[in-house]
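Written out below as structure tokens is the structure these notes cover.
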Amino acid sequence: MLNLHGYGMRLIEGALVTVELAALSLIIAVLLGLVTASAKLSKRRLPHLLATLYTTLIRGVPDLVLMMLFFFGGQVLMNDVSDWLYARFGLDLFINIDAFIAGVLTIGLIFGAYMGETFRGAIQAVDKGQVEAATACGMSRALIFRRIRFPLMMRHALPGLSNNWLVLLKTTALVSVIGLSDMVRVATQASKTTLEPFTFMLFVAVIYLLLTSLSEWVIKRLTRKYNAGFTRGRS
Amino acid sequence: MTTMTTLQPSESRPSPVSSEPAEVLLRVEGIKKRFGDTHVLKGISLTARRGDVITLIGSSGSGKSTFLRCLNLLEQPDGGELEIHGQPVHFTTTRHGRVPQDEKRVQWMRSRVAMVFQNFNLWSHMTLLENIIEAPIHVQGYSRAEAINEARCLLAKVGLEERADHYPSQLSGGQQQRGAIARALAMNPDVMLFDEPTSALDPELVGDVLAVMRRLAEEGRTMVLVTHEMDFARDVSTRIMYLNQGEVEEEGPPQQVLDTPRSNRLRQFLSTR
Ligand SMILES: Nc1ncnc2c1ncn2[C@@H]1O[C@H](COP(=O)(O)OP(=O)(O)OP(=O)(O)O)[C@@H](O)[C@H]1O
Ligand SMILES: [Mg+2]
């Protein structure tokens with residue numbers, strides 16, 4: 001059995017941080033991805049240009065670099081803003097970027113770009129005739145999205161979405177560099193004090209493996225749900 | 001394979017010689033539509049009274065589909081007026097062209113004018129029953145139980161009661177189209193539009209779909225349809241409109257239009273059928 005030298009509780013807390021971070025980042029990434037995909041499919045120039053700029057930037061720069069850029073760059077910006085506020089209005093407030101929020105926003109922003117590509121293909125794959133049939137029934141655009149477009153799109157998006165999720169989950173390990181006490185950071189500290197890195201990294205690896213296996217199980221169920229009606233075969 | 005022979009004999013259609021003309025359900029005046037520089041519709045008018053079956057004929061590209069799509073505003077006409085059940089649709093001109101003033105009104109109107117498509121367009125992620133109850137529940141606000149009851153009656157009517165829980169991919173083209181007709185009927189629309197409903201079907205499946213449509217016509221359903229099935233058109237239509245290059249070249253009762261055509265072009269068109 002693993003001897004965790006009393007770090008067990010803190011590691012579990014770290015694992016919870018990892019899960020929360022991943023889940024919130026996923027939500028942001030999905031929303032951003034939907035917006036980006038619609039912008040890229042839009043006939044208007046400006047949204048299209050902005051979306052292209054965004055995805056090009058994100059895909060061209062390593063995640064780790066982006067994360068430090070956003071976090072430390074963001075902090076410098078905030079310091080400048082508070083200096084300016086102090087000089088100009090005598091307001092003395094120090095805005096500190098919260099590592100958790102910064103982590104969520106950064107990972108969300110990074111994966112939003114990848115989700116955008118996934119959703120773009122999926123939206124294009126939706127049969128226009130089925131959307132038209134819904135329009136012809138008097139459904140509103142919101143209702144059509146919820147009842148027709150989204151489920152039809154999900155069938156095409158799910159493989160890419162699942163893949164992005166698994167990578168996103170593992171990318172959360174990067175937030176330890178910005179000082180967030182996720183599972184990896186706790187394990188790193190514990191390794192340093194106890195000089196048993198193997199023990200702690202093994203623990204972390206097992207937790208990640210559990211999380212990804214759980215994800216695979218959920219993905220399988222979702223795939224079954226959104227593939228209903230698409231498996232050909234006559235009765 | 002279910003056949004239509006199980007259907008009950010239907011009530012007779014409203015007598016054409018009744019003293020008062022039937023109520024006007026759909027009226028359009030001078031519908032115009034262009035795509036870029038091509039004028040696809042050059043001012044077409046149509047009045048559908050209760051029980052009318054109006055068939056549009058014409059060669060490929062004459063604008064039949066575009067006109068039909070204008071009737072429930074899947075396509076926005078650039079000019080002309082549109083009235084359903086005496087309620088006009090108002091248009092305004094914006095940067096994006098001429099659009100209906102009130103989206104809610106358009107949605108209501110579409111729910112009164114149902115459309116059956118050439119490619120069926122059943123929602124592939126729903127079973128046949130779910131397809132049929134979708135709009136009654138989410139657009140018209142019926143309870144699930146009410147909608148399911150009604151849907152089962154409609155499925156029986158189109159000979160698909162055993163197929164309720166099948167997905168569209170598990171049905172033949174003819175079954176899908178009869179399902180699509182049931183889905184349209186579920187909204188109890190004032191007018192039903194059909195755009196070449198049998199053109200995508202294998203020849204042996206056409207008969208079942210036409211039988212369902214024939215029965216709807218006999219029940220006094222108001223329908224506007226595009227079809228190349230001339231015998232069927234002759235039997236069920238109250239009026240036939242011949243479209244040529246976005247204009248109505250000739251119209252009237254089927255015998256008159258099909259047997260004694262006045263224009264050369266129509267004569268030529270009919271001789272190639
Ligand atoms: N969305 C569109 N954009 C540009 N042109 C279009 C569009 N829809 C239709 N058209 C053009 O409008 C004309 C009329 O088309 P429409 O589909 O109404 O003809 P149709 O009578 O239904 O022909 P068919 O018998 O082949 O179905 C055609 O020349 C077609 O190319
Ligand atoms: Mg057509």
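Every residue gets a Cβ built from N, Cα and C, even glycine.
Residues or ranges marked as domain 'ABC transmembrane type-1' by TrEMBL: A:15-219.
Taken from TrEMBL, the feature transmembrane segment covers A:15-37 (among others).
Residues or ranges marked as transmembrane segment by TrEMBL: A:49-73 (among others).
Residues or ranges marked as transmembrane segment by TrEMBL: A:93-114 (among others).
Counting same-chain residues at least six beyond the ends of the transmembrane segment (A:156-178), those with a Cβ under 8 angstroms from any Cβ of the stretch are 18, 21-22, 25-26, 29-30, 63-64, 67-68, 71-72, 99, 102-103, 106-107, 110-111, 114-115, 117-119, 121-122, 125-126, 184-185, 188, 208, 211-212, 215, 219, 222-223, 226. The transmembrane segment annotation in TrEMBL covers A:156-178 (among others).
Residues 2-4, 7, 11, 15, 18-19, 22, 158, 162, 165-166, 169-170, 173, 183-184, 187-188, 190-191 of the same chain sit 6 or more residues outside the transmembrane segment (A:198-219) yet have a Cβ under 8 Å from a Cβ within it. According to TrEMBL, the transmembrane segment annotation covers A:198-219 (among others).
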Checklist outcome for this item: Beyond a gap of at least 6 residues from its ends, the CB atoms lying under 8 Å from the transmembrane segment (A:93-114) belong to 17, 20-22, 24-29, 31-33, 35-36, 54-55, 57-59, 63, 66-67, 70-71, 74-75, 78-79, 81-82, 85, 164, 167-168, 171-172, 175, 178-180
